Structure formats: C-alpha cells, structure tokens
Amino acid sequence: MSEWLLIALIAVPTLTAVVLWALPVVTGDRIAALVGTIVSGVLLVVSFVLWWDMRRPHCPCTYQLVDTYGSPPRTVPGKLMPDVDINVPWIPSLGVRFHLAVDTISLPLIALTALLVLLCCVYSLKITPRIGRTRSLIALLLVIETGVIGTFAAADLVLFFVFFEIVLIPMWLVIDIWGDDHDRAGRRRAATTFILMTVLGSALMLLGFLLIHRHAGTFDLVFLGQHPIKGGHGVPLAAAILIAVGLAVKMPLWPLHIWLPDAHAKAPTVGSVLLAGVLLKLGSYGMIRILLPVLPDATATIAPYLAGFSVVAIIAGSLACLAQTDVKRLIAYSSVGHMGFIGLGIATMSPEGLNGALYANLAHGIITGLLFFLAGAIKDRHDTSDLRAIGRALYARLPRISGLLTYACLASLGLPGLAGFWGEMLVLLGAYHPADWLPRATFIVLMVIAGLGAVLTAAYFLRLIRELCQGDPAENPPAAFAVDLSRIEFVTFAPLVVLTVFLGLWPFTLLNQWTFL
Amino acid sequence: MTLTWTDWQAIAVPLVLAIGAVAVLLVDSFWKSASAELRHTVVTLLTSAVILFGLVFVWAQRGGFKPAFCQPAVEGPAECSFVFEPLTAGLWAVLLVGGLGVVGLSTYRLLASDVPIGEYHFLLLSALTGATVLAGARDLATLVIALEVVSLPSFAMVGLRRDRRGSEGAMKAFLVSVLSTAVMLFGVSYLYGVTGSLYLTTIANRLTGLDPDLGRVAFAAGLFVIVGFAFKIAAVPFHAWLPDTYVGAPIEVTTFLAVVSKSAGVAGLLVLVTAGIAPDGSHLRTVIAILAALTMTVGNLAALRQVEAVRLLAWSSIGQVGFLLAPLAVGDAQAVVGYLAAYVVVTLGAFGAVAVVQRHRPGGLLTDYRGMVRSEPGLAAALIFFLVVLAGLPPGLAGLFTKFAAFQAVIDAHLGWLAIVMAINVMIGLAVYLRWIAELFRLPADDPFSVDIETPAVAMISLCAALTAVLSVLPSILFALST
Amino acid sequence: MPLILPLLLAVVLFCIGVYGVLARRNVITLLMSFELMLNAVNLNLVAFDAWRINDATGQTLAVFVITLAAAEIGLGLAIVLLLFRGHGHVDADAARDLAEQDELVEQEKAT
Amino acid sequence: MIATAWRVAGVGFSLLVVLAAALLYGVDPQQTMAGGAMIGEDFWFSYEFRTDGLTVLMLAIVGVVSTCVQVYSIGYVRERIASYTALVTLFTAAMVTVVISDNLFLLLIGWEVMGVCSYLLIGHYWERRDARAGAMKAFLMTRLGDVGFLFGIFVLGVGYHTFRISELGSGPIEPHTLTIGTILLLVGVIGKSAQVPLQTWLPDAMPGPSPVSALIHAATMVAAGVFLIARLYNVFVEAQTTLTVLAVVACVTMLFAASCAMAAVEVKRVLAWSTVSQLAIMFAGLSLGTHDGRRAALFQLLTHAAFKGLLFLCAGVLLHQVGSAAFVVLRRYTRRGASRKQLRVTFVTMTIGLAALAGVPGFAGFFSKDSVVEAAWEQAKDGSTVGWIVLVSVCVTTAMTAFYCVRMWLWVFFRTPALAGAVGAFEGDDPMADLDEPDANKLRDGSWLMLAPMVLLAIGAIGLGYTDGVHLNVVIALITTVLALLGGLAAYSLWHRGADPRPVVLEREYGVDPAYQRLFVVPVGWLAKLAVGNDRDVIGAYVRATGRAGVLASQGFRKLQTGNVQTYLAAAVVGAVALAILAGVIGS
C-alpha cells in the first residue's frame with residue numbers, strides 16, 4: 001500500500017503534466033490550474049498519509065540502529081532508515097537500481113514540496129504571469145514536483161542524480177518563458193546561468209558518486225549507510241569534496257551562489273517560490289543524506305571548511321542584502337544567508353546541528369515561500385520590484401500585504417516563536433557543541449560570527465520594512481489600481497502563515513521525528 | 001603453405017549487404033520502364049530488406065562466436081582476419097540500425113532533392129558493407145580496406161547531387177580522408193615492420209616483448225594509425241573538414257555521415273584498442289584520452305555560437321565523439337557501444353526533424369525553428385526530446401545514462417582529469433542545445449514553421465522518438481548490446 | 001642493402017608528399033602528392049617484408065595499397081571533375097562556399 | 001468594530017493577568033511542562049513553566065501597568081487601533097511568558113517577542129522619520145544583546161546539561177564556564193535594559209506612543225533584564241566576576257544616564273534617561289550578590305513600575321494636549337500657570353511621580369532607593385569594594401536624580417521669574433519662541449479613561465513604598481534626603497536665574513551615538529557595498545568571464561573554419577606532430 005502511494009507521489013505529477021500538454025490549447029488555463037490544484041492537493045494528502053503511516057510504532061528505525069552498531073556512535077546522521085522501500089534492478093550492468101525509500105527525514109520535505117506546489121497551483125487559479133500559457137506552467141510545476149519528490153525519495157545515488165537533474169530543464173523554462181517580462185535578455189541569462197552552474201555542479205557530484213561506487217561497489221544508500229566508507233583522505237576525500245561542491249552549487253553556498261539572485265529575481269512568482277522553497281533544499285538534503293552517512297570520515301575532514309564557507313555565506317549574504325534595491329533580489333540573497341545556516345548545521349555533524357539544519361530547511365521553505373509570494377504580490381501591483389520605483393509607505397497603500405510582509409520578514413530573521421528560530425538556534429547550538437572529532441574552537445568562533453550574521457539578517461529585513469512599508473504616505477500617494485490582499489492571495493498565504501506560527505510555537509512534533517539522529 | 005578456414009555465417013551479413021548493393025544498382029539501371037516513384041519504392045524496400053536481414057541475423061546470432069579467415073599461428077591461438085563476437089554483434093546492430101534509419105530518412109526527400117536513387121542506395125549499402133567488415137576485422141589489412149570501403153562511397157554520396165556545394169564538400173572530405181589513409185598506412189607499415197604481422201592479436205602479443213627502441217617506433221606507428229582513424233571520426237585537430245562537408249552534403253547524406261560513417265570509424269578504433277594495439281597502460285590510450293578531451297571541448301565550444309541547425313549538429317557531433325572517445329580511451333567497449341547506440345538513434349531523429357524543416361526552409365537557420373512548440377507541437381516535442389538526450393539531461397535518460405557509463409568507465413580507470421573535463425563539457429554541451437530549445441519555445445514568433453508533415457517523416461521521427469523513449473526507460477538495453 | 005636506406009627513402013618520399021599536399025593548390029597535384037605518400041608506404045612494406053623473410057604479408061598488403069590508390073585516384077578525379085563543373089577551377093583553397101558565414105551571426109544578433 | 005473587540009480583549013487580558021497574580025498569591029511554587037523533544041542524547045527541549053513569589057510579583061506589576069496602559073490607550077490612540085492594541089496585548093503576553101517560564105528557550109521566546117513588539121510599537125507612527133529610525137535601532141541593539149544571551153543559554157545549558165531554569169545552578173560546572181555563561185547572559189540583559197554600552201536605543205525609542213513607553217519602561221521590556229537576573233540569582237551569585245562586571249556596568253550607567261537626563265530638553269527623553277539610571281540602580285542592588293540586594297532591587301523595580309508608568313502617562317497627556325513634550329514648547333503654556341490649571345490632574349500626578357523618582361521622603365522611590373543603599377552599606381561595611389562603589393554611585397545618582405526632576409518640574413510647569421516672557425534658556429533651538437503666545441485655553445485634561453490609570457498609579461507611587469514594611473535606617477535616609485535636597489536646590493537656583501547650563505558633552509550624550517554610527521553602522525554599509533561589489537565584480541566577473549570566454553572561443557573556432565581545405569590539412573598535420581610530441585613528453 002505505502003509503496004504504491006510513494007510511486008503515485010512520483011508518477012502522478014508527471015502523468016498529469018503529460019495529460020495537460022495533451023489537452024488542446026483551447027482547454028483554457030483555468031481548467032489546467034484547477035487540475036493542477038486538485039492533483040497536487042491529492043498528493044499533499046498522500047504525503048501526509050505516508051507520514052502518518054510512518055509514525056506508527058512499527059517503524060523499524062530504532063532496532064535497526066541498535067542492530068548494526070553495538071553501541072552507536074554519538075551521531076549516525078542522515079542515514080537512510082527506510083520505511084517504505086521499493087527496490088528493483090534497473091540497469092544491472094551499471095549497478096543502478098530503482099530504489100525508492102522514505103524515512104522521517106525525507107517525508108517532511110516531501111510534504112513541504114507538495115504543499116508549495118499546491119499553493120502555487122492555487123495561486124495560478126487567479127494570478128498568472130502576463131505572458132499566459134498557464135497550462136504549460138502548471139505542467140512544468142508538476143514535473144518539477146516529480147523531480148523534487150523523487151530526489152527526496154531516492155535511495156540510490158544514481159537515481160538521486162537523475163531526479164536531481166529532472167528539475168533543471170523545467171525550471172529553466174519557467175524562468176526563461178514566464179520570467180520578468182521587462183528584461184528578456186536578463187531572464188534568459190539568469191535562467192542559463194542557473195542551469196549551467198547546476199549542471200556543472202551535478203556533473204561533479206556524479207563524479208563523486210562514481211568514486212563511491214568504485215570504492216564500495218554499490219550505489220545503494222541503505223547499504224552505504226550501514227557500511228559507511230571509512231577513511232578521511234584519498235579517494236573518499238575526493239568524493240566528499242566533489243559531492244559537496246555539487247550540492248553546494250544547488251544549495252547554494254558562497255561563492256557558488258552567484259546564480260541565485262538573478263534566477264530568483266527574474267523568475268515568476270511561482271518559480272521563485274518553488275526555487276527557494278524547495279529546490280535549494282535538494283542541496284542540503286543531499287548533504288545530510290549522502291555526505292554524512294556515506295562518507296563520515298571524509299566529511300569530517302571537510303566539515304570545518306564547509307562550516308567556514310557557510311559562515312561566509314551568512315555574512316556575505318546578509319551584507320549583500322543590506323545593499324540591495326530590489327525586493328526579490330533581497331529575498332534571494334537572504335536565502336543565501338539562511339542556507340548558510342543550514343550548511344553550518346550540517347557541518348557540525350552533531351544531532352543538534354542536523355536537527356537544526358532539517359528544521360531550518362522546512363522553515364526556510366515555508367517562510368521564503370511566503371516572502372516570495374508577497375514580493376510577487378507587490379511586484380504584480382507595481383509592475384516592478386525595484387524598491388525606489390515602488391516607493392515607500394506601503395503600510396498606507398497595501399496595509400494587509402505589507403503587514404504580512406513584515407510578519408514574514410520577522411519570521412525570516414529568526415524571531416523566537418516563529419518557525420525560523422528553532423532551526424537557527426539549533427544550528428548555533430550544534431556549532432557550540434559539534435561532533436567530538438571536529439575542532440571545537442573553530443566552530444565556536446564560527447558560531448559567534450554566525451550570531452553576528454543573525455543581527456545583520458535582522459538589520460536588512462528591518463531596512464526592507466523601513467524602505468518599503470514605512471514612510472510618509474503623503475509623499476507616496478496610493479495608486480488607483482492597488483488592491484489590497486485579494487481572496488486568492490489570502491487563501492494561498494494563510495497556510496504558510498499558520499504553519500510559520502505552528503512550527504515556531506510547537507517544534508516538538510517535528511523534532512520528535514528526528515530523535516534517531 | 002598455411003591452411004585457412006572460415007565460418008561463413010560470420011561473413012553472411014557483409015556478403016548479403018554487398019550482394020544487395022549490386023542488386024539495387026542493377027534494378028535501378030535496368031528497370032527503366034518503371035516510374036521514378038515506383039523504382040524508389042522498390043529500391044528502398046530492397047535496401048531495407050537487406051539491412052533488416054542483417055539485423056535479424058545479428059539478433060539470432062547474438063552471443064555467438066564465429067571466426068573467419070583463420071590460420072594456425074606460429075605461437076598462441078589461431079590468427080583470424082575476421083571475427084563475429086558479441087562486440088561485433090553490438091556494433092553491427094548499431095551500424096545497421098543507423099543504415100536503416102538513413103534509408104527511412106531518405107524516403108521522403110530524396111526524389112525532390114535531385115539525387116539518383118539507385119546509386120545512392122548502392123553507395124549506402126556498399127558503405128554499410130565496409131562498416132560491418134570494419135567492425136569484425138581483426139587484422140590491419142582488412143581494417144584498412146574496410147575503412148576505405150566505408151569512406152569512398154561516402155564521398156561519392158556527398159557529391160551525388162552534383163552541385164557546387166556538394167562537390168566542395170566531397171572534395172574536402174576526400175582530401176582529408178586520403179591524407180588520413182596515407183598516414184594510417186604509413187603507420188601500419190611500421191607496425192608491420194616492427195612486429196612482422198598484421199594480425200591484431202599477434203601484434204598485441206609481440207608488442208609486449210619488444211625492446212625499448214623498437215617500442216618507440218611501434219608507439220609512433222600506433223600513433224599514426226590512431227591519427228588516421230581520428231581523421232575519419234573527426235577528432236580535434238583533424239575535424240575541420242566535417243562541418244563544411246556536413247553543410248555541403250544533402251541532409252540524408254549528412255545523416256549518413258553522422259550516423260554510419262562515424263560509427264564505423266569508432267568501431268574500427270574500438271577494435272584496434274580492445275584487440276591490443278593500445279593495451280591497458282599504453283601511452284596510446286593517453287593519446288586517445290587527450291584527443292577525447294580536445295575533441296569534446298572544441299566541438300562543444302564551437303557549437304556554442306552556431307546559427308545554422310546542421311552546422312550546430314555537426315559541431316555537436318564532434319563534441320559527442322569526444323565523449324565516445326573517453327570510454328574508448330580506457331577500452332570500455334560496453335560504454336562505447338551503448339553511447340554509440342543512443343547517439344545513432346537520437347542523431348537520426350534530430351536530423352529527421354531538421355530534414356522536415358529544411359525541406360520547407362532551405363536556409364536552415366536556428367531562427368526558423370522559432371515558436372515551433374505552438375505551431376508544430378509534435379515535431380517540436382520530438383526535437384526537444386532528441387536535443388535533451390544529446391545534452392544528457394532528464395527526460396533524455398538514454399543520453400544521461402550513456403554519458404554516465406562513460407563517466408564510470410573513466411573514473412574506474414582513474415582518469416580523474418578527463419572526468420573533470422567531461423563534467424565541464426556536459427555544461428558546455430547543455431548550453432549548446434539550450435540555445436536551440438530556447439528558440440523552439442520562443443513566443444510569439446512572426447512566422448512560425450507550420451506545414452503538413454509527410455507521413456514517412458512522421459513515422460520515422462515517431463519511431464526514433466519511441467525508440468529513444470524505450471531506451472530512456474530501460475537503458476540496460478543499451479549496455480546489453482555488446483555483451 | 002641495409003634496411004635503413006629504403007626506410008629513409010620512404011620517409012623522404014612521404015615528407016615530399018606531405019609538403020605537396022600542403023603547398024600546392026591544384027587538386028590534381030594534390031592527388032599526385034598522395035600517390036607519393038602511398039608509394040612511400042609501399043616501399044616501407046616491401047622493405048620490411050624483405051627484412052623479415054618468413055612470409056609475403058607485406059608484399060600482399062602493398063598490392064592492396066596499390067589497388068586502393070587506384071580506387072582513390074579514380075574517385076578523386078571524379079570529384080575534381082565535379083568541382084571543375086561547379087566552380088570552374090580546380091584550386092583546393094579557392095573553394096570556400098562552405099566556410100562559416102559571419103553575416104548569419106549578425107542577422108541573428110539583429111533579431 | 002474590530003478595534004473595539006481588540007480593546008476589550010486587550011483590557012481583558014491584562015485584567016486576567018492581574019487576576020492570575022491574585023490567585024497565585026500565597027500559593028506554593030509549582031512547576032509544569034508541555035511538549036518536549038530529545039535532541040541527540042544530551043538535550044531535552046520542552047516548554048516548562050513555574051510559579052513562585054517572584055512570578056506573582058512580576059505578574060502583578062505587569063498586569064496592573066498593562067491594564068493602566070490599555071485603558072489609557074483607549075483615550076490616547078486614535079489611528080491603527082487594532083494593530084496597536086493587538087501588539088500591546090502581545091507585548092504583555094510575551095512578558096508574562098518570560099515571567100512564568102521555567103525554560104531558557106521559552107524565556108527567550110518571550111524575551112525576543114517583546115523586542116519585536118517594542119520595535120513595532122515604537123514604529124507605530126511610521127510616517128515619522130525618527131520613529132522609524134528609533135524602532136530599527138531599538139530592535140537591532142536588543143537583538144545584538146540577544147545573540148549574546150542565546151550564547152549564554154548555550155554555555156549554561158550545555159554546562160549544566162539542562163535548559164530548565166529551576167535546575168540551573170545545581171550540579172557541577174567549571175567556574176570559567178559559569179563566568180562566561182553568565183557574562184553572555186548579562187550581554188542580553190544589558191541590551192534589553194539599555195545599560196552601557198548598549199544604552200543608546202532607549203532614548204531614541206521615545207517617538208513611540210507614550211503609553212507604550214510607559215509599558216516598556218515600567219513593567220515589561222527593560223524590566224525583563226532585572227527580572228532575569230533575579231530569576232537566575234543563584235547562578236549569578238556563584239559567578240563573582242560577573243557580579244563585579246554587573247556592578248561596574250550599573251554604576252557607570254546610572255551616572256552616565258543621570259548626567260544625560262540632566263541635560264535633556266524633552267520630557268520623554270529625560271524620563272527615558274532616568275529609566276536607564278533607575279534600572280542601573282536595580283542592577284547595582286543585584287550586583288551586591290546578597291539576598292538583601294536582590295530584595296532591594298525588586299522593591300525598586302516595583303516602585304519604579306508605578307512612578308515611571310505614571311510619569312510616561314503624564315507625558316502622554318502633555319503630548320496629547322500640547323502636541324509636543326519639548327521644554328521649549330511646554331514653556332509657552334506656563335503663563336499664569338495655565339498648564340497647571342488646565343491640566344490639574346496631570347500636574348498633580350506628575351508632581352507625585354517626580355517626587356517619587358527624586359526620592360522625596362515619604363514617596364515610594366525614597367524607600368526603595370534607600371533599601372538599595374542600605375544593602376550596599378551592609379556590604380561596604382564588610383570592606384567590599386563593590387559595596388562601596390555601589391554605595392557612592394547610588395548616592396551621587398540620588399542627587400543628580402533630584403536635580404533633573406526638579407529641573408523638569410520647574411521648567412515645564414512654572415514660568416521662571418528671571419525671564420518673564422523673554423527669550424530664555426531653551427530658545428536657542430527656536431528663536432521664534434515666546435513671540436506667538438499659544439492659546440492655552442484649549443488645553444484640557446484628558447478624558448477619565450486617561451486620568452483614572454494615572455490616579456491609580458499615583459496612588460501606587462505613594463503607597464507602594466510602605467508595602468515592604470517601613471524599616472528606615474535613619475542615617476542613610478538622612479544622607480540621601482540631604483543629597484536629594486542639594487540636587488533639587490541646585491536645579492531651583494538655576495531655574496530661578498533663568499539659566500539652564502547644558503554642557504555640550506552632556507547634551508550630545510557623550511557622543512556615544514555618533515561614535516557608534518561611525519564605528520559600526522558606516523563600516524557595515526561599506527562592507528555591504530563590498531559584498532555586493534564582490535558578487536558583481538569578482539565572483540560574477542568570473543562567471544561572466546567564463547561565458548565570455550566560451551563565446552570568444554566559439555567565435556575563434558568559427559574564424560578558424562575558413563573553408564580552405566589546405567588550412568585544415570595543415571592544422572591536422574601540425575596537430576598530429578604536436579600530439580606525437582605531447583605523447584612523447586608524457587611517455588618519457
């Protein structure tokens with residue numbers, strides 16, 4: 001039963017996309033959006049059913065843990081402990097298997113993906129990019145959903161790679177076709193930079209996978225998790241570096257983040273939401289799922305550098321935000337900072353840091369999704385996302401939207417009581433208390449710098465609120481067409497707002513999923 | 001004197017192909033009473049039947065081992081000039097599928113483009129004969145002769161339209177090829193001089209025990225032979241003839257060059273490498289690896305700014321050859337054949353689509369494809385699929401996995417630097433195809449391409465697309481070809 | 001006769017051939033240069049065959065090469081004829097219709 | 001409609017807090033918890049709550065002040081009522097969370113939510129530039145402190161293997177871990193309570209609505225710092241170094257803030273600085289490390305809540321009626337005691353508040369301040385340096401406090417005989433002052449909704465002094481009274497002469513703010529430009545250069561494709577030779 005649900009999660013979106021494309025052009029964009037909404041809604045339900053199923057006591061996680069290790073080491077981070085398991089040979093001569101498995105690390109992310117795609121489809125019911133062609137947009141979103149969910153569910157390195165790559169071309173098309181319609185060359189460049197950098201990264205990652213295969217003779221994540229590759233130098237180190245670089249492009253970590261601001265800024269609203277909310281998570285998820293459990297020793301070797309780059313990302317991203325004049329670019333750069341926190345959490349290799357990274361993953365997906373929705377709403381109303389062109393005093397012109405924007409900004413800067421806090425807090429705690437084999441002094445220094453980065457994060461969000469929401473309404477009279485929060489926007493934003501509060505006030509539901517870390 | 005023996009089944013396919021070639025020529029020459037259309041149909045059917053026979057034979061005999069023209073050796077096992085073995089079967093399958101595809105492609109444009117039908121099919125079958133012999137050849141003389149049997153008909157085909165562009169293309173291909181033959185033969189002569197034999201196995205055996213001075217000579221000789229093949233498959237820096245010839249030839253012939261001729265060259269080189277001219281650890285493999293790196297980089301880079309569809313495909317095929325050479329450099333026949341198979345199917349499809357467009361838009365510019373997703377969704381979808389496979393990204397899993405196999409071969413052989421170069425080239429290659437795909441998606445188009453596509457073309461392109469889709473879902477077929 | 005003399009001669013012949021291919025413009029001359037190169041190969045083969053006395057493999061291949069050369073020249077002359085019909089000359093370096101067309105790039109940039 | 005609902009909810013919630021405090025009074029301490037997750041093998045996260053005497057005291061303060069503020073706001077706030085009331089309620093709720101939490105992270109949630117509420121409320125008038133800037137500054141500086149606070153939680157939590165407040169302080173811990181942890185917590189406290197060196201945000205937060213200032217200064221935000229140290233007193237007592245640091249910070253702050261208050265020319269700014277100074281007195285009490293010190297500090301917290309809340313509400317009335325709280329404006333209304341007569345209740349309650357602040361005997365502030373001095377004297381008697389420092393500082397501060405209280409009282413409500421109607425001490429800012437006499441008849445005391453809370457708090461400002469039982473040390477009382485008298489007399493004599501000497505250094509508040517601006521804000525701006533430039537001109541340049549190189553290479557290869565077959569052949573021959581040489585090099 002669960003197996004079929006998992007297969008459905010991956011296959012249904014693409015099949016729906018094919019059906020949508022097969023429909024005649026005259027079918028209408030509304031119907032396409034409706035179909036997308038229904039399908040992704042069903043998928044959301046399915047993912048929750050799977051998740052619910054897993055929380056039952058029959059989960060074999062604990063005994064398996066004790067089984068393989070007499071006395072477990074302090075961390076067995078990210079190791080795949082499959083609950084639902086589909087495992088059939090695919091390309092025997094290359095050692096590739098079609099192996100899907102999910103556990104409590106991947107399922108929340110799958111649910112997040114389904115949620116965000118659902119919201120994007122709902123949003124598209126009423127609000128679509130000016131160029132139209134909504135049918136194809138919805139279809140591409142669904143294909144992206146397949147890729148992302150597949151990546152989260154893959155238990156074979158090659159399968160992971162394949163799903164990882166599936167999202168690229170659809171995303172490229174989304175940016176290239178539906179992107180910023182004032183800047184044709186810019187959106188083309190942004191889309192191409194995005195796809196080329198990611199492809200290069202993933203090709204390098206593939207080299208790392210092949211090195212693992214050469215060393216261990218298998219691509220199977222479950223097996224590799226149980227028999228990690230020892231040794232922190234030589235081939236494992238090379239593999240770890242290659243994989244880390246590949247995933248760091250996706251994540252993105254400084255200095256490989258350069259594609260991100262353009263891609264986010266030029267993408268349409270739904271594209272930005274998915275890009276920031278879901279696609280960036282592929283990188284961090286890969287690190288948790290592959291680097292840590294498969295190459296623990298090699299990861300330990302590179303962890304301080306990973307942490308260092310993450311912290312640079314936090315600081316550089318935040319500083320860059322301070323000087324941005326474009327709302328979407330600013331939010332994009334804020335993602336660099338937040339993903340830096342996640343990278344730092346992973347690099348600590350400690351349960352706290354990993355819990356934090358996982359939590360921050362979800363929180364960032366929700367909050368940044370909301371932020372991009374709001375930025376899109378503002379951009380739609382002003383036909384630009386340039387702060388100077390939009391003007392100030394949005395509190396007076398669009399009180400509800402700007403109020404929500406303030407809320408989302410506060411959530412994003414890690415205000416305790418909202419979702420962003422727990423992840424960052426746990427990451428910093430992890431950095432204070434990293435795994436035993438890591439240089440603690442280094443990590444404490446990094447923790448302090450990251451803490452200052454948190455202040456900078458607050459600074460740029462407050463600056464955004466000050467430059468955009470506040471101000472003298474007399475100097476910025478309301479435009480005639482500016483309608484405050486529409487009903488569809490309310491429906492789309494509400495789940496994210498509610499989840500932000502819920503995750504902020506009650507982190508235990510999620511954290512208890514990851515006690516095995 | 002020495003005794004030779006032959007398993008005639010081994011050479012059945014080349015023989016039938018040769019007989020078919022003659023038959024086609026005769027039918028076309030002496031059956032003047034029939035209309036051109038009828039003759040075209042008959043000739044096409046005849047050619048297809050011959051090639052299909054070959055395919056059926058390969059299918060029936062896969063996994064068999066049949067030597068031909070063998071003689072007992074002074075030392076070691078018998079020396080054979082020609083062998084049918086799983087590797088041969090795989091290569092033949094690829095070559096014959098390519099040939100069949102070209103025949104199919106020729107059905108819907110040949111008459112209009114002023115190409116003599118009988119000669120065309122005769123030359124095609126002759127070249128296929130040479131190609132199949134090449135894939136089974138196990139001595140240098142057979143190898144050289146077979147290579148010439150592939151090459152010479154190809155040039156004739158390039159010039160078959162007897163126009164200005166065709167003659168220039170033929171001339172360029174011819175001159176380069178002749179030079180390469182001379183260089184290769186020069187190498188062969190030294191290889192013979194050093195080892196005293198033309199049999200690949202014997203040469204391989206004797207090369208191992210050579211004294212260092214002669215070893216250097218043998219190395220230079222091997223280099224010359226490889227350079228000769230490098231001309232044929234247009235590896236950089238021996239590639240410059242290719243774009244000009246591709247553009248100059250009729251598009252069917254271009255397809256033939258890209259599919260059959262190139263595969264034959266790769267097959268020959270593969271035979272050379274795996275049979276022992278360049279054994280594991282030999283510097284000749286390093287040379288091939290360098291060639292691979294150069295070829296893929298230059299090919300992809302040059303394709304980056306092309307504005308004509310055929311020229312872009314020409315340069316990108318150079319890039320693809322670079323990727324083919326990478327597993328070849330480490331002697332991984334399985335990866336090479338798999339890659340070749342996917343490349344052949346997809347190239348056929350891509351050229352098929354281009355042929356449709358070029359028939360109505362002879363300019364052949366990328367801008368002719370603008371907005372095709374709306375005006376010709378089916379054709380556009382197929383073309384995008386082929387291009388994505390060539391780039392090696394999902395949903396083109398056939399391309400992805402063949403590239404993956406190439407990576408795996410290279411990594412397993414500890415050629416890290418080559419793997420990095422390949423990774424970079426995946427990116428450049430993607431950039432190349434994306435430009436084209438972007439044109440297809442670009443809306444609104446002033447004058448979108450929209451025609452009634454001929455039924456044979458639809459059938460042909462759908463077949464290629466379907467085959468590619470199957471290979472994408474079950475890539476293991478690709479890698480089962482040569483085992 | 002030591003082996004080195006015919007080998008040297010062959011190398012010289014081959015180099016002359018290469019020079020001819022690179023330096024002469026007339027395609028007919030080019031074909032003749034190729035003949036020189038192939039003959040260098042033949043000389044090599046025969047010399048090596050004489051050096052190794054066991055069988056006649058080299059000579060056999062030499063015969064093949066001669067045949068091959070004939071075939072090539074035949075086809076080559078046909079192509080030269082075609083070239084002449086199309087271009088009105090037989091200069092190898094003057095046939096440049098198929099070079100990269102820069103104006104196309106300009107056109108694309110314009111759109 | 002929504003606004004009304006929110007108002008009812010707000011007042012109701014505040015009353016609920018008062019009710020809770022009343023119900024909990026005298027009940028035995030209790031603990032409970034909700035939720036929970038184990039992270040790794042070391043840390044248990046959950047929401048733990050506790051109630052004890054301190055909780056009840058704080059709940060009472062918070063409840064009463066917030067009720068007063070909510071009621072007062074009904075009359076005071078006119079626009080954006082819903083968001084305002086909601087935020088004040090949230091603010092109160094956050095403080096309640098801080099007070100009842102038994103878990104450091106839960107406490108941190110309340111702690112930072114207060115920060116963000118104060119940010120939003122200070123920025124309530126977001127049309128005004130100073131409000132925007134002040135709000136941002138308040139949030140950033142407190143957040144900077146909060147990061148330290150978070151790290152302090154880590155250090156202590158990891159040190160004690162628990163994040164539960166009631167379990168902290170039990171169990172072995174290395175002394176330096178304890179010191180580092182408590183000092184980091186202190187950083188958060190300093191930020192929240194606006195002590196030196198993070199003091200500059202509080203005066204700049206004054207553009208916010210006055211009731212909010214009352215709430216922030218009297219019962220919530222800034223008081224949270226004092227509460228926290230009182231709550232973790234058993235931990236802090238173990239760390240002598242931290243207490244010494246706290247003492248130094250407190251003493252420097254009280255003198256610094258009092259001197260700034262002496263030179264401020266705006267009612268709310270004077271009150272803000274006085275808050276900083278009074279908080280420092282509480283910290284000084286806490287830094288003594290004795291039970292008496294803690295008790296004195298909490299006593300001071302209690303009385304301060306009453307009189308400072310009162311004073312801000314009074315200032316609110318002034319602002320409400322006059323439109324400004326600057327001395328120079330208020331002075332225009334002093335002709336024939338207009339402001340005194342028209343704003344009778346305000347005048348009386350404000351006088352009571354100032355008296356309490358200045359430590360006039362009999363008023364609440366007098367008793368609480370004396371208890372701090374007394375506790376310090378107890379320490380100083382035993383030869384404790386900290387005790388002496390605190391003692392002297394508090395005494396000096398007493399005099400300074402009396403000075404600025406009297407100064408403000410006189411300048412705001414009375415016309416100085418020396419300069420009847422002439423250009424006076426504050427008109428340097430405004431040369432047109434006193435030329436146009438404002439119409440003082442329009443002044444009205446606020447509605448009863450505004451006045452009732454003031455009266456209530458005024459009663460508190462008098463009566464709360466006696467709640468602790470009157471146990472006067474006569475000598476100390478005498479000394480502080482004399483000092484206060486001296487300060488007051490000095491202020492009176494200056495006022496009488498119509499002079500208000502304001503040393504430049506004080507008026508500029510020691511130039512701390514511009515210095516911070518130059519030291520931190522400007523460099524961060526540069527760094528931000530650097531980061532953007534780095535992305536654009538370094539990393540981006542590499543990416544662009546890669547693309548450009550690809551295009552150039554492509555064009556180069558196109559150029560090589562001349563169409564001349566002999567070039568191709570030559571290239572091939574050269575290539576073959578190069579390949580042979582390359583292979584030879586690699587081979588050898």
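Using N, Cα and C of the backbone, Cβ positions are placed for all residues, glycine too.
Whatever TrEMBL says is automated annotation, not expert-curated.
Some features that TrEMBL has for this protein:
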DOMAIN    D:41-79  domain 'NADH-Ubiquinone oxidoreductase (complex I) chain 5 N-terminal'
DOMAIN    D:101-380  domain 'NADH:quinone oxidoreductase/Mrp antiporter transmembrane'
TRANSMEM  D:53-74  transmembrane segment
TRANSMEM  D:81-100  transmembrane segment
TRANSMEM  D:138-161  transmembrane segment
TRANSMEM  D:212-233  transmembrane segment
TRANSMEM  D:239-258  transmembrane segment
TRANSMEM  D:270-289  transmembrane segment
TRANSMEM  D:309-330  transmembrane segment
TRANSMEM  D:342-366  transmembrane segment
TRANSMEM  D:386-406  transmembrane segment
TRANSMEM  D:448-466  transmembrane segment
TRANSMEM  D:472-495  transmembrane segment
TRANSMEM  D:568-587  transmembrane segment
Outside the transmembrane segment (D:448-466), six or more residues from its ends: residues with CB under 8 Å to it: 64-65, 67-69, 71-72, 74-76, 302-303, 306-307, 309-310, 313-314, 316-317, 320, 345-346, 348-349, 352-353, 355-356, 362-368
Three-state composition of the domain 'NADH-Ubiquinone oxidoreductase (complex I) chain 5 N-terminal' (D:41-79), taking helix and strand from DSSP: 24 helix, 9 strand, 6 coil
Same-chain residues at least 6 beyond the ends of the domain 'NADH-Ubiquinone oxidoreductase (complex I) chain 5 N-terminal' (D:41-79) whose Cβ lies under 8 Å from its Cβ atoms: 7, 10-11, 13-22, 24-25, 27, 29-35, 85, 88-89, 91-92, 95-96, 99-103, 105-106, 157-158, 161-166, 209-212, 214-215, 218-220, 223, 227, 230-231, 298, 301-302, 305, 309, 313, 316, 320, 446-447, 449-450, 452-454, 456-457, 460
The transmembrane segment (D:239-258) touching the transmembrane segment (D:309-330) per 3+ Cβ pairs under 8 Å rule: no
Positions whose Cβ lies under 8 angstroms from the transmembrane segment (D:568-587), at least six residues beyond its ends: 560
Intrachain neighbours beyond the transmembrane segment (D:138-161), with Cβ under 8 angstroms and 6 or more residues off its ends: 42-43, 104-105, 108, 111-112, 115-116, 118-119, 122, 167-171, 173-174, 177-178, 180-192, 198, 200-202, 204-205, 235
Within-chain partners of the transmembrane segment (D:239-258) [C-beta distance under 8 Å, separation at least 6 from its ends]: 175, 178-179, 181-183, 186, 190, 195-196, 199, 229, 273-281, 283-284, 286-289, 386, 389-390, 393-394, 396-397, 400-401, 404, 510
Tertiary contacts of the transmembrane segment (D:342-366) (same chain, 6+ residues out, Cβ under 8 Å): 274, 278, 303-304, 306-308, 310-311, 313-315, 317-318, 321, 333, 398, 401-402, 405-406, 408-409, 413, 440-441, 443-446, 451, 454-455, 457-458, 460-465, 477, 480-481, 484, 487-488
Across the domain 'NADH-Ubiquinone oxidoreductase (complex I) chain 5 N-terminal' (D:41-79), average pLDDT on the 0 to 100 scale: 88
